[in-house]
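Annotation comment: TrEMBL describes 15-489 as domain 'Major facilitator superfamily (MFS) profile'. Positions annotated as transmembrane segment by TrEMBL: 16-40, 52-72, 84-101, 113-133, 154-171, 191-209, 245-264, 284-305, 317-336, 401-423, 435-459, 465-485.
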Amino acid sequence: DVVETREHYKSRWRSIWVMYLTMFLSSVGFSIVIMSVWPYLQKIDPTADASFLGWIIASYSIGQMVASPLFGLWSNYRPRREPLVVSTAISVAANCLYAYVHVPHSHNKYYMLTARALVGFGAGNVAVVRSYIAGATSLMERTSAMANTSACQAVGFILGPVFQTCFTLIGEEGVTWKFLCLQLNMYTAPVLFGALLGVINIILIFAIFREHRVDDMGRQCKSINSDGEGSDVLDQNTEGSIDHVAVVALNVLFFVILFVFAVFETIATPLTMDMYSWTRKEAVFNNGIILSVIGIESVIVFMVVKMLSKKTGERAILHAGLLIVLIGFFILLPWGKKLPNIQWQEIKNNSIPKTSPTEMLMPFWSLQEMQLPSNHTAEPVGCPVSQSWCLNTPMIYLAQYISSDVLIGLGYPVCNVMSYTLYSKVLGPKPQGVYMGWLTASGSGARILGPVFVSQIYTHLGPRWAFSLICGVVVASLLLLEIVYKRLIAFSVRYGRMQD
């Protein structure tokens, strides 16, 4: 047995902290512009409509879904510094492209689409980050490290819109640097700030990041990614095959977890506008506050789950998290007899704008800057009669909605962390880059399909069908978890090298 030296321990955790920063910057890259995409798109290309906005928002997840397995495969055979630097450089270049999409005289919306897709492609490095952390931590350290990684990701999603809000002080016009053909304004400053953070990240990867690997018991060992930097000396025992049934099951469970959260996030604005007669501004503001609180709640849960898992184990906590999510969506089912206020077509001389499936697809922040037609003196509110279910479906009370938010905000981070932790433990000492890439890709696919699913079901059939189907999906995932429960054990435990 080779005992880890203190110097190796410090270097290993410095490298892990650089990975935390990389995860944080990946989520900031997504959220820092999301509130301003629609007005910026309208400004640079008046031909762009709401349906194209949906593609721009989805392009990030599509890019990440494509890139994750590729970067994961790369990291399996080469030093991880290479895919990390290249992916971050792609994100930096994509952010710079986003800042210049106003320059061309035509097809500006396609340049914006390309920029956001490339930012998502660069964010495919989260598979490399997760695989490195899985290989650089012992089983005892794994849950805590994965929770910290998810917490950094959540903080990035929370702080991105905060950065965007600060940059609104620059204004729409801002400052123009003609020699650079650059307009520094409230739309371009956030992405340039993101590019600067990316450059700093690359510098830290070169200066601090080192390849380290320890086995499940924490002993330092050789890594296939080693480029001669470390003092890794122990050959790791990789004999034994990976339980692919457990791997596939965890991919399915992770897809479900991301799918239901994407549905919840997407439906927030249209649901509250229909049920509580909120205006678009009220819906965006109120749901913004609610989702911010949920973000803070998630970070707290990430910290608590690290301690709780030591007593109960990851499988039991994953089971409990799915049950909490199920209860959260069950509470959202319409009960009682009171119907929501109806938005009748006859009002405003039959000129009430209908909510299209494309608009329903967009997250709540995408609707923030959308304006009513100029001939409207007041925004019509209530459940539009064009949605036939509004005439016979009971309303969802505000107390139901808030209770559901709290429960889903509790269950989702629990499931997220436990999925990653169990996945990395099942994979064991073998290179995890490709496997982590597939897990990340399944999550990206869920974020693409979730909004499409809920936009169609909710618009045509209503919340009762939408949330009943979600409950059915979660119940099916719980049954799957029960079937594979005994197989979700660490690689070293499965082959008797250490006790659970």
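Placed from the backbone N, Cα and C atoms, the Cβ positions cover glycine too.
Whatever TrEMBL says is automated annotation, not expert-curated.
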Counting only pairs 6 or more apart in sequence, are there at least 3 Cβ pairs under 8 Å between the transmembrane segment (191-209) and the transmembrane segment (317-336)?
no
Three or more CB pairs closer than 8 Å, sequence separation of 6 or more: does that hold for the transmembrane segment (317-336) against the transmembrane segment (84-101)?
no
Under an 8 Å Cβ to Cβ limit, what residues of the same chain, 6 or more beyond the ends of the transmembrane segment (284-305), are close to it?
143, 147-148, 150-151, 154-155, 157-158, 161, 265, 268-269, 272, 278, 317, 364-365, 367-368, 402, 405-406, 408-410, 412-414, 417-418
